[in-house]
Structure formats: C-alpha cells, structure tokens
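S.K.: Provided herewith is a single structure, encoded as structure tokens, for subsequent inquiry.
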Amino acid sequence: MRVHVRGYEALLVLVFAAHVLLVPPTKVEESFTLHAARDLVVHGVDPQQLEQFDHLEFAGAVPRSFVAPLALSALAALPVRWAASCGWIKSGLDVQIAVRLNLAVVSALSLVFFSRCVRAAYGAKVAKYFALLAATQFHVPFWAGRTLPNMLAFPLVQVALGLLVCPPSLSAVVKPRRATRRHLLAAFALLTFAATVIRLELVALVVPFALEHLARGLIGLGELVFAGAMSGAASLALSVAVDTHFWRSSSWLWPEGHAFLFNVVEGKSADWGVSPPLYYFTSALPKLLHLSLAPATFSLFADRRTRRLLLPCLAFVALLSGLKHKEWRFVVYVVPAFTAAAAAGIVAIGSLTSSRLLRRTLLVSLLALNLLFTFLGLLASTHNYPGFSAVTFLSLQLASARGPKSAQAVRVHVGTAAKMSGASNFVLLDSPHTAPEHAAWYLPQSVRNGAGKTAQAVQPVVAFDRSEVEGRSLASLEREGFDYALVDADVAQLGGAPGVEVIHEAGEFAGFDWRRLASGSWRDAVHTTPRVKVVRFAKNDKVV
C-alpha cells in the first residue's frame, strides 16, 4: 500500500531531528533512561553483565521502569551497529545522538498520526495549520528527543489521543459502529499501558476521557472496564517481571507504584519545590503555547468538537494541580491537543470574513512568534550544558598534550554539577580518551585496540571517577591522587587548596543582553555564569 507523505508531515520529523543535532548534550533529568539505554546497547540483556549497569550504583530517589529503555535501545541498536560498521561512530556522543534521534523520530511520527486524525475530524486546513504550529513551537520539539520518562510516554499518548479524535468520535451523537469502538478501546488500553509502566500520572488523563465517552454513550462501561483491566494487568505483569530482574529486587517491584507512594502518598515530591495551585494554568500552559492559547480558547467556545477534545485535557490539568510539586513536563502530553484547537480556532476566526487575509495574518503572526521563542530557546540551550563543555575542553586538551599511549592513567574526578549538566556516561565512558578496557563495541577499532591482547600492559589514557561522596574537598581529591577535577564553580570549594589551578570555567545560561540581541549581535547577547570549573592539581607529576 502506498503511503502518501505530506510536506508538513515531513517537516515535523525534520524539525524534531534538528533539535537533537543542534543541542546534543543532556541533563540529569534524562540520565536514567539514557544510561539504561547505553548499558543495554553495550551489554545487552545478559544477566551476567547486569552488574555493569549504571543504575545499580546510581539508583536515584525512586526506581524507574526498564521497559521503555528496552524498547528505545532495541530501536537504536540496529542503526548504531550499521553506523559503526560504516565508521561513522567516533565517540559515545555519536551514539547518544543516535539514541535521541530514534526517540525524536518516534515522537514526530506520533504527531504525524495525530495530525492525520485531526485532518479526518477537522479537515485538511486545520491539520496543516496544526503541523506548522507544532513544528515551530520550542518545548515539544526540543524535548521530544530527550529521554525524560514523560517524553517516553509522549508518543503513546499522542497515538491514543489521535484514536480518540478520529471521527465519528468528536461529532457522534449516537453510539458509533463496532470498528470505531474498537479504536476507542485501543486508545484507553494504550493510555492504561503508558500510565502503568511509564507515568502513573496519566491516570488523571484516562479518567476524564473515559467519563466523557461513557456520558456520550460512545462506549459501554463493561467493555471499557474489560479493556482497561486487561491492559492494566498485562502492563503490570510486564513491568514487574522486567523491573524486578533489572533492579535485582528481592521482592516484586512495580516502579510506578513505588514512585506514587514516594511522591504522592508520602509527599516527598514537595522536596523538589512547591508551586501555586494555578501554576499550570497561569504559567506552564502559557509558556508552552504562547499566543496559540488565544485561538484555542476561541475554538473551545465556538466548536463542539474542540470542547470534546479539550475539556478532558483541562480536567487532567486541574487534577494534577492538586499536587504540590508541579513541572511543565507533567502536562506536556496535552500540548498537541491545545495546538490542534488553536489551528481550528484560526480557521474558525478566518471564516468570520470572506477575506483570507485575517486567517493568514493570524497564522503568520503565531508562526513568527513561535520561531522567535524557538530561536531564543535554542540560543539559551546551547549555553546551558557546562558539564558537557568542561568534559569536551579537558578531553581536547589531553588529546593534544599526550601521546597515543601512556604508562599511567590520568585520573579525573567528575563532580555532581558536571554530571547534572551534560557529562553523561556516553560522553565520559565512551570518549576516545577513556579507559580502553571499558571501550564499547561501537567505538572505532583504533580505540578498542588499546584493550587488545597486544596492549594489556598499557593503562588507560583517562579514567573518570563518578563517585559521589558528600563533603569532598579539593584537598581531599588531591590527596586521593586525582590529576584533574570537574567541580562546582562555588568559590568556597577553592579555599584551602594550595596548588590547585583553575584551567577552565564552563558557564551556564544566565539571561540575554537584549540590546545586543536587538542590534543583531546574537552571538554576544548571551550572559552566562560560571557553573563548572576544570581544576588541575599542579603537584601531581602526571599532569600535562
């Protein structure tokens, strides 16, 4: 069967991929899935290799499911193997980009599916406007390729919402045909899976849509309960089986249940900050949608189809508002629904006059504003990964200063600030200058030869230490024999440590110089503040 790809659909995929390529580093929020995917790509699922996995040493506050990382690593394994065979993989960063590209493309394709469902429900013009608005937004395209648990659930939610959007669901006044009901039940089964395995907060999205469909008689209570129970039981069994194994738990482990107890029942999520009750409505959604909220609101009042789509989404946001800890990413799932409503609103406003000028002016204005915010967001983001910048600086310096083989390892301590802002395991463990006995199979043969049988006596060029010891000072790091350290830029850490030389400061985004930005000097318009310092212990005779 021939698949017709429309230009605006291809644009979604290209834009999502471009965001990954423009800003390849990651932050600590992405680390569990990213590092789990790396471990699965490198070590596979061999139980004997499980002790090498990162999560057993750096577990985090609550366990997270391995089901999604398994799927992501399976998607990435073949492209990575092919790229490695072609000699395109030069370092772990290349593999990190490949993993993220897979996620970004899957997310983009889920929005392509959603746009086709919007096309069926609203018409071709609304679908086209939706895709253009979605492609020019900043947050969803930028984060779609980032391995947050929320973004792992994002594609599943968009497919489910697409099934709920498809006609005659939005416009039906009587119970639809059996085939349509199967689509609706599949949507609820998919949402149940995503909630059970990846993000339990999605229960707050399932319930409003379920009540709305039951109230309209689109599905029966019995068939809905059966579909939800079957999907929930299968999802729970899958999660418990997979995660009990990978976490080496002595009892049955359901990560999302554990997270619910920790964050909601015990209220520990408040330790990460408390936001006002209306935060999602007054801050998060306006930040995610900008002026697109205006036509979306118009469509909400003017179009019955939009009300049937957005009212459950608004109920979802309201339910999450009851939790003390709030982040915009908790409600990111409904951004495409609001974007579709905005597209429908633009068309509806344009229909108020026979002239096309009003509709086109509104669309172009929103697209221009989206592009402006996207430009600013990307400009800020390129200066917001000091850990990655620090590791890159040190690796390049060591590569230029040392020969290809060394009798002694250069030991580098990587502090928490660096690990939180770009120093991922792909960057540290799979650098061409990392300990060769740990070289991953996808690195170039010249790197892996360092661990070959003819080079057993050659010690690593660089060995990164990622251990976390509270209260560790620079003086203690020097006593432990480290040659370099990537530490927090807090000046207090440098006190009382003679012989310590700061050789590089990596800054993070601290604001814009709006005058320079307005004058076109955007390269010099970014203010940064020191976040990570690369220090050298000058007394150590191994230092280059």
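The backbone N, Cα and C atoms fix where each Cβ goes, and this holds for glycine too.
TrEMBL: automatically predicted annotations, no manual curation.
These came from TrEMBL, pasted as-is:
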type: SIGNAL; residues: 1-22; note: signal peptide
type: TRANSMEM; residues: 97-114; note: transmembrane segment
type: TRANSMEM; residues: 151-173; note: transmembrane segment
type: TRANSMEM; residues: 185-211; note: transmembrane segment
type: TRANSMEM; residues: 217-242; note: transmembrane segment
type: TRANSMEM; residues: 330-350; note: transmembrane segment
type: TRANSMEM; residues: 362-380; note: transmembrane segment
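Looking at the shown structure, can you explain where the listed features end up?
M.R.: Within its own chain, the signal peptide (1-22) is flanked in space by residues 97, 100-101, 104-105, 107-109, 111-112, 115, 127-128, 131-132, 134-136, 141-142, 144-145, 378, 382, which lie at least six positions past its ends and keep a Cβ under 8 Å from the stretch.
The list of residues near the transmembrane segment (97-114) in space but at least 6 beyond its ends in sequence, with Cβ under 8 angstroms from a Cβ of it, reads 9, 12-13, 15-17, 19-21, 24, 26, 34, 37-38, 41, 72-73, 75-76, 79-80, 83, 131, 134, 144-147, 151-152, 154-156, 158-159, 161-162, 165, 336, 340.
Below 8 angstroms of C-beta separation, residues 65, 67-68, 149-150, 152-153, 156-157, 159-164, 219, 223-224, 227-228, 230-232, 234-236, 238-239, 256-257, 259-260, 311-313, 315-316, 319-320, 330, 333-334 of the same chain, each at least six residues beyond the ends of the transmembrane segment (185-211), sit close to that stretch.
For the transmembrane segment (217-242), the residues of the chain that approach it from at least six positions outside its boundaries are 65-67, 70, 169, 172, 174-176, 181, 184-186, 188-190, 192-193, 196-197, 206, 210, 252-256, judged by C-beta separation under 8 angstroms.
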S.K.: Going along the chain, which residues at least six beyond the ends of the transmembrane segment (330-350) come within the CB cut-off of under 8 Å?
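M.R.: Hits for the transmembrane segment (330-350): 111, 114, 118, 122-123, 125-130, 133-134, 137, 139-140, 143, 150-151, 153-154, 157-158, 161, 165, 201-202, 205, 280, 284-285, 288-289, 292-300, 302-303, 305-306, 309-310, 313, 316-317, 320, 356, 358-360, 362-363, 366.
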